[in-house]
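J.: Got a structure here, written out as structure tokens. Questions coming.
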Amino acid sequence: MPEASDLPDPSRIGSRVAFSRELTLLRQRAGLTVREVAASTGDFRNHSTVGDWFAGRGLPSAASRELLVRVLAACGVDDPQPWLHAWEGLRRLPGPRARGPAPYRGLAGFEAEHAEWFFGREAMTAQLLGRLTALHETGGGCLVVVGASGSGKSSLLRAGLIPAVRRDGLGGVPYDVGLCTPGPRPREVLAAVPGGERRLLVVDQFEEVFTVCVDDAERQASLTALVGLPDTIVVLGLRADFYASALRHPELVAAIRDQQFTVGPMSESELRRAIVEPARKAGLEVADGLVELLVTEAGPRGGGPGWGRGTGALPLLSHALYATWQHTRDRRLTVGDYREVGGIDGAVAASADAVYDALDAADRDLARRLFLSLVHVAADTVDTRRRVGVEDLIAECGEPAQRVRAVLDRFVDQRLVTADADAVHLAHEALLTAWPRLREWLAVDRAGLLVGRRLHEAAVTWQHEHRDPAALYRGTRLAVAREWAATKGPHGAIGPVARAFLDASLAREAAELGAGRRRTRRLRALVAALTVLSLLATGATALAVRAQRAADRQRDAAVSRKVAGELADLRVDNPALANQLSLAAYRLSPTVEARGGLLSALSSPYAIRLTGHAGYVHKVAYRPDGRLLASAGGQREVRLWDTRDPRRPAPAGEFVAHEDFVAALAFRPDGRVLATGSGDHTAALWDVSDPHRPTRLAVLTGHTDLVAAVAYRPDGDILATAGVDGTVRLWDVSAPRAPVLRATLGGTAAVTAAAFSPDGATLATAGEDRTIRLWRLTGPPAGVTAAPAAALTGHTGTVAGVAFSPDGTVLASAGADHTARLWSVAAGTALGTLEGHTEAVNCVAFSPDGRTLATGSVDNTARLWDVTRPAAPATVLVSHTGAPGDTGSIASVAFSPDGDSLASGGYDHTVRLWQLPGPPSTGLPGAVRPMTLGGDGHRLYLSNGATGTALRWTIGDGRLTDPVEVPAGGAAAFSADAGLLAAASRTDLQLRDLTGPAVGAELATRPLAGPPDERLVAVRPDGRLLVVLSIHFRTGEVWDLGDARRPARVAQFALDAHTNSLNSAFFAPDGRVLATAGFDHTVRLWDLADPAHPAAAGVLEGHTEPVNAVAFSPDGHTAATTGNDRTVRLWDVSDPRRPAALAVLIGHTGYVDGVVFGPDGRMLATAGVDRTVRLWDVTDRRAPTAWATLTGHSAAVNSVVFGAAGRVVVSGGEDGTVRFWDTDTARVAARVCALAYPRLTREEWAQYFPGLPFDPPCGPA
């Protein structure tokens, strides 16, 4: 029997959410869809109105009473009075502050019935109607509406386009309008859309075809059906980040190429209308100051952090306005109200946290599981929201229906979650990034979430295929799923279909194991018999010895692989142990896995972990002589560490310093006194001349809140203490046992940072008012005074840290706006901004030589920046203290006085000592592609997709030159030998010099032939010939670069041999052959021996998905190709007109992108979406073998090249980093042992190598 909570009951209706819930229960009990209920009322046009009632988006009006009665009757209600009574009671309740309808939608999108509230997109709606009218006049077709998440695509389609077509038709001709979203079964959705003589079908959230739909056959069938709909104009709403996914399907390429409509950010005037007009319609006023602030923060001028100049800000802007409207107490929305609710940066998080914090502990855990169930976690693309049936969601959570609905209702009330008639989903995907708590949940166990998602998808496919046994899990996938279900699954509730699928898989495995055991027993009996016979034969002993050796080799190889497979997580937590284990595994048996583990050991910066703190480590500081390190903890303690040997640090002392956590530390310049600041509102001075017996000298009182920073003047006689109470106090500490307060610098905002200049004449302070203040100090300690000297503004969030360069000319600051900034102390002006962190920056520190700046962030990374050119700071090292979402936030960084180590402290309760210099790497704000090495192997050229910049990097000293501008959205190619950069936008070719004194100087700009299109660029190795290709129109043009300042077009040619868009292009080493890879699954070879007359040569056919890249061996006789089919293929192209397949390399678990041959042609490197670089021994072209798998990138790897005569592999990826991999195992082993501390113990060896003799690879502890 169903639970009482599952039966519809009008007496439970006390809110709009409850009304929608009980009405939905009523409909579900009747076994009807929303469409069927609407149809039964006698007019199908009621579908939208009725759908809103079920979804909780609206309440029946007085004029809709009769329609409500018909809906109740359709659902089987004989006596409508209890329902009507509950409805009338709701209508008598006042709305928010009794002010009528909400003028803003919050995160919820606009629907057709909200057209009267939809402002700001009138011009774009008219443009869209014009495009569709043109399609109508030419007989129909498909239009693809593309825009970033949060750009307003859905609202434009639903509240702009659909009402207009329903009202006016197209070209004066009436059209029936259908609206759908694909969901997991898009073919069924399309079949259910009503037909008509003339029909406009709007498919919103079309990206669900590539995310929610996991069945390839279903996806292909739906696409085929979509393009073949008769008498229908189709409009597809597609998120821009799934543009490439759509291009992989030939059915969509023509529409994307010829009929694309882009939804960009709103202009300032459009934003003003979207802000002001809804309020005016509701009888409200928006203060002018608030309008200007919102336009600045969300508009195309891009004031707010992370908004990409307004492109995806609309849902967050809408929610901020909705929350402001809820908060205001009169009919005027003000800046104060907006600030109170958190502004555009924090309104969503504030609303979500408010609901979450109001729940009890059990319901908070349920809320976490609910939200994780509403996210489609992706391995290779971005996460998206997931639409889940109410009953399925309840089953997945494993909780009573009433409790699940009660928790959901809390979030629905705040428009954070939408409860549709049949399903539940996040109100907008912006919630995935705007709510830090949800981001953290997704990151904490991302691997487990991916396992759960894949299990669910496999189970759905299995169910859809009538429980075909061939679709069941087995082997590793089954083992991983079983472990996840037992330990990671929410309360063991994984949904009935997934549970049945897993149980069936386990049952089949048990049956197969039983059969296997029986076979094994028979085999053992046979082996025993054969053994007896063998022992009787001549040479029995020799055979036994060889058999034992073979068995030992197999055992060692198995143990080696097992240990290598367990090191990924250990490398973050305990790199010293992980690196020694990787070397031990390799020496035990040099398996592919162990070799990859060893070569990956030092690809990331190496740190020694100092443990012992029981809470957060808020601050670290070196004594001026570098022989002692202090760390401040969250449990009132300070720990001292002996760092005389930085590779073998040891505890030196510990003491309880305060009655609350210790937030600040500073050594006096003579190193004998340590100053501390605390949450107990005091600072203290400690004698640490004997670190083993520190003693308190004095307590400094007067602050009324947290003392967040302490700083000594270089002479050691003045101490500054900075407080959250808004004051900075200057103390005469020339007599440490008797400090005297000499001056107080007042303010209104919390002060969180303070630092003295090297000459002691200037004090810098900063805090929550986003301003850095410089104070000029004069007078002796007994009469010191401070006067304001400058105020530095530019940060858009709290300034958490400041530091002077050793020469005192530059000041660095750390901000909550995700940036660090450099300032001229003399001029009081900004010099440069350091961008790359994805969360708040907590701290900054200069190296002793002033050439490098260290930053630490909430994003779990410390970065080192080359600041020798302050106007163009460049990242030279990125080190991670945990995966995104882990508690690895870095609170403090400090260089050792000799510059050889960097200490960091953070929220994972540990201190880390990073050994410098680390492995050369660089961090960029977007994907790295492509890369090219100069002929000497020491000059690296790369381009960065996010910033549209190209960089030249000298590997020897790890320094970057100034960025070279590339046209936005353009393609770049390099001629390393010629020192030339070629970049093509949609319309122009631009050439730049990378060799002269003015790096990046423009050499020439020329218009390209044909209509505007995305381009590909390939430069002949000698730099004297260039080919530019049109991706979608499949045309090419050849340019003579004999004089790069006067490039000349020498030929144009068609690439019609390709039947789909182009993907990449590469020259053979001799420059006579060009290879083009296409979405048609082929590679075409073109003869360019005569550049004026390009001619088609051979074709490489064999890939079953689009081909991504081509590489030629140094002698030009072999080509390697990579594709979305997860394979690498080798081809004999010694005769380009008759290429022949040689071998297929399998190993990557996702799309394979970059590929390159080593300098001698014996090694091949490939880069993949699976975040790995794989090395292959291709000495035998027909029988290549895997050599090593390199891991370390945190996202897809795009590009790979060989450097340093093949001894180094360089890779670049979507994580914005370039990594260097030493392929000399002996050299890597020596480096591992040089850094190894502490050494591998017998207990650790026994844990990982049970039963094997103790053989520590770097010697005993």
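Every residue, even glycine, has its Cβ placed from backbone N, Cα and C.
A quick note: this is a predicted structure, and the numbers were derived from the prediction, not measured.
According to TrEMBL, the record shows the following:
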DOMAIN    103-469  domain 'Novel STAND NTPase 1'
REPEAT    610-651  repeat 'WD'
REPEAT    655-696  repeat 'WD'
REPEAT    700-734  repeat 'WD'
REPEAT    744-777  repeat 'WD'
REPEAT    792-833  repeat 'WD'
REPEAT    834-875  repeat 'WD'
REPEAT    883-916  repeat 'WD'
REPEAT    1055-1088  repeat 'WD'
REPEAT    1100-1141  repeat 'WD'
REPEAT    1145-1186  repeat 'WD'
REPEAT    1190-1231  repeat 'WD'
J.: Are there residues at least six beyond either end of the repeat 'WD' (1055-1088) with Cβ under 8 Å to its Cβ atoms? List them, or say none.
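T.: Non-local partners: 247-248, 250, 253, 257, 1016-1022, 1025, 1027, 1029-1032, 1034-1036, 1038, 1094-1101, 1103-1112, 1114-1116, 1119, 1121, 1123, 1133, 1136-1137, 1139.
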J.: Quick one: mean pLDDT on the repeat 'WD' (1100-1141)?
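T.: Result for the repeat 'WD' (1100-1141): average pLDDT 95.
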J.: Sequence-remote contacts (6 or more beyond its ends) of the repeat 'WD' (883-916), Cβ cut-off under 8 Å?
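T.: Distal contacts: 439-444, 446, 572, 605-611, 613-622, 624-626, 629, 631-633, 639, 641, 643, 646-647, 649, 839, 842-849, 852, 854-862, 864, 1194, 1235.
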J.: Same chain only, please: residues at least 6 beyond the ends of the repeat 'WD' (700-734) with a C-beta under 8 Å from a C-beta of the stretch. Say none if there are none.
T.: 663-670, 673, 675-679, 681-685, 740-756, 758-760, 763, 765, 767, 777, 781-782, 784, 786
J.: Please list the DSSP helix, strand and coil residue counts for the repeat 'WD' (883-916).
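T.: Tallying H, G and I as helix, E and B as strand, the rest coil: 0 helix, 17 strand, 17 coil.
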J.: Six or more residues beyond either end and a Cβ under 8 Å away: which residues meet both conditions relative to the repeat 'WD' (610-651)?
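T.: Those are 657-667, 669-671, 674, 676, 678, 686, 688, 691, 694, 891-898, 900-901, 903-907, 909-913, 915, 1235, 1237-1238, in sequence order.
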